[in-house]
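Q: Here's a structure for you.
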Amino acid sequence: MDQDYERRLLRQIVIQNENTMPRVTEMRRTLTPASSPVSSPSKHGDRFIPSRAGANWSVNFHRINENEKSPSQNRKAKDATSDNGKDGLAYSALLKNELLGAGIEKVQDPQTEDRRLQPSTPEKKGLFTYSLSTKRSSPDDGNDVSPYSLSPVSNKSQKLLRSPRKPTRKISKIPFKVLDAPELQDDFYLNLVDWSSLNVLSVGLGTCVYLWSACTSQVTRLCDLSVEGDSVTSVGWSERGNLVAVGTHKGFVQIWDAAAGKKLSMLEGHTARVGALAWNAEQLSSGSRDRMILQRDIRTPPLQSERRLQGHRQEVCGLKWSTDHQLLASGGNDNKLLVWNHSSLSPVQQYTEHLAAVKAIAWSPHQHGLLASGGGTADRCIRFWNTLTGQPLQCIDTGSQVCNLAWSKHANELVSTHGYSQNQILVWKYPSLTQVAKLTGHSYRVLYLAMSPDGEAIVTGAGDETLRFWNVFSKTRSTKVKWESVSVLNLFTRIR
């Protein structure tokens with residue numbers, strides 16, 4: 001607000017108060033008995049008009065509005081994916097420029113805007129100060145309007161209105177490919193879909209394992225366990241993408257060479273079905289209904305380098321190694337999430353906040369030690385943990401059974417698949433936990449999830465016997481020009 005205009009406004013208010021004071025005094029005299037010893041003021045007002053010229057308007061504006069909305073409304077307000085949300089942010093920034101002199105030249109992300117407005121340290125100055133500001137605006141500030149300008153707004157607002165709009169991110173709600181998957185089991189505790197680093201998808205259908213090449217769309221049958229009287233309960237690719245592990249209902253783990261279609265070994269040790277597999281270089285971890293986790297090196301003879309991890313009281317249904325290959329997270333039907341390391345046979349961390357089976361587990365590739373987990377039907381929550389300190393971070397109720405979790409390789413986002421009762425796929429932004437997209441199409445629980453090696457597409461499987469491919473994430477392509485590379489002083493950009 002202009003200081004001269006503010007002074008004139010305050011002067012008018014003071015004059016009006018002084019003009020109305022005699023009337024108030026006369027009314028008090030008529031209502032007060034003559035014998036009353038209390039006398040009313042007759043010359044001085046009873047109000048102090050504060051001068052807000054020295055106040056921090058941005059901080060005051062944030063403090064006034066920070067408690068107006070509920071947390072759910074704040075979460076919806078932060079979701080700026082729609083055009084109406086972006087228009088509202090631009091309009092709010094324009095009002096701040098004209099009324100508060102904020103000097104905003106481009107529309108910021110709502111989360112960034114909240115952090116910018118919120119002071120990092122407590123303000124020592126009061127909200128109302130009774131002194132005039134000594135700061136004077138200089139012509140270089142860009143807030144003064146040119147005398148030749150016909151625009152009713154300031155220069156900063158003009159730059160704000162001329163700033164290009166950030167392109168809206170579009171996530172298709174229709175899968176770009178749908179494949180039939182007959183006999184795909186509708187079992188929450190199994191893991192029957194995995195995508196290799198060589199762009200080959202493995203799917204366990206009944207007693208067989210099929211391989212589908214995303215490059216050629218060719219389908220091959222890797223193995224058939226009907227001869228052995230067994231069925232497939234889990235599949236998992238090695239990091240190199242040349243080996244695939246197959247867990248069976250009888251408790252065996254078979255190692256297959258995908259290119260040659262040859263079984264290399266069969267690992268024993270479990271007494272019940274193997275529903276979870278996790279590779280760590282040449283080591284393979286398997287979780288079973290017998291409540292046991294076995295770690296084995298496939299390069300050594302069977303049972304020679306076996307490690308038995310006992311910590312769950314019911315079936316182990318989720319296994320994931322951290323991105324640095326140092327920690328193993330396991331989830332079970334006992335509602336527990338356990339974290340293991342290489343040197344101990346007992347869990348180094350134990351989380352019991354979930355109220356249902358923990359199958360969905362995912363380690364963040366962007367933040368060291370950040371672990372996400374999801375609970376079953378009775379829990380419906382996605383929880384985040386700092387495994388470096390052992391402390392819980394955040395929690396969000398999704399409203400339905402959490403079946404799978406996967407982090408994006410290119411952005412700080414994650415995707416979750418759900419069962420009862422929504423049967424949907426959700427994309428979340430972290431750490432704000434705002435929904436980026438909601439995908440529907442499966443008629444049964446979305447029990448299976450795998451991500452493509454380039455990190456842009458995902459495949460989901462459900463009991464409706466279909467595999468659906470979605471384009472969810474995209475690689476960030478920088479379009480900024482580095483001025484040092486085109487500088488005249490840079491000799492490497494010129495012909496010598």
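Just so you know, glycine gets a Cβ as well, placed from its N, Cα and C.
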Q: Of Ser36, Ser40, Ser163, which does Swiss-Prot mark as phosphoserine?
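A: Checked Swiss-Prot: the phosphoserine annotation sits on Ser36.
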Q: If you check Swiss-Prot for N6-acetyllysine, which of Lys43, Lys69 comes up?
A: Lys69
Q: Pick from 47-52, 245-250, 371-376, 437-442: which range does Swiss-Prot record as region 'Involved in APC/FZR1 E3 ubiquitin-protein ligase complex activity'?
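A: Here Swiss-Prot associates region 'Involved in APC/FZR1 E3 ubiquitin-protein ligase complex activity' with the stretch 47-52.
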Q: To which residue among Ser70, Ser146 does Swiss-Prot attach the annotation phosphoserine?
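A: So the answer, going by Swiss-Prot, is Ser146.
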Q: Select, from Ser138, Ser346, the one residue given the annotation phosphoserine by Swiss-Prot.
A: Ser138
Q: Looking at Swiss-Prot, which of Thr32, Thr300 is flagged as phosphothreonine?
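A: Thr32, according to Swiss-Prot.
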Q: Out of Ser151, Lys159, which of the modified residues has the smallest number of neighbouring Cβ atoms within 10 Å?
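A: Per-residue Cβ counts within 10 Å for the modified residues Ser151, Lys159 bottom out at Ser151.
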Q: I need to check the long-range neighbours of the repeat 'WD 5' (353-395): which residues 6 or more away from its ends have a CB within less than 8 Å of a CB in the stretch?
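A: Same-chain residues near the repeat 'WD 5' (353-395) but 6 or more away: 188-189, 317-324, 327, 329-337, 339, 401-407, 409, 412, 414, 416-417, 419-420, 428, 430-431, 433.
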Q: Provide the three-state DSSP residue tally for the repeat 'WD 4' (311-350): helix first, then strand, then coil.
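A: With helix first, then strand, then coil, the repeat 'WD 4' (311-350) has 0 helix, 17 strand, 23 coil.
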Q: Just give the helix, strand and coil counts over the repeat 'WD 5' (353-395), going by DSSP.
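A: Helix/strand/coil tally for the repeat 'WD 5' (353-395): 0 helix, 23 strand, 20 coil.
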Q: Average the pLDDT scores across the repeat 'WD 4' (311-350) and report the rounded value.
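A: Across the repeat 'WD 4' (311-350), the average pLDDT comes out at 96.
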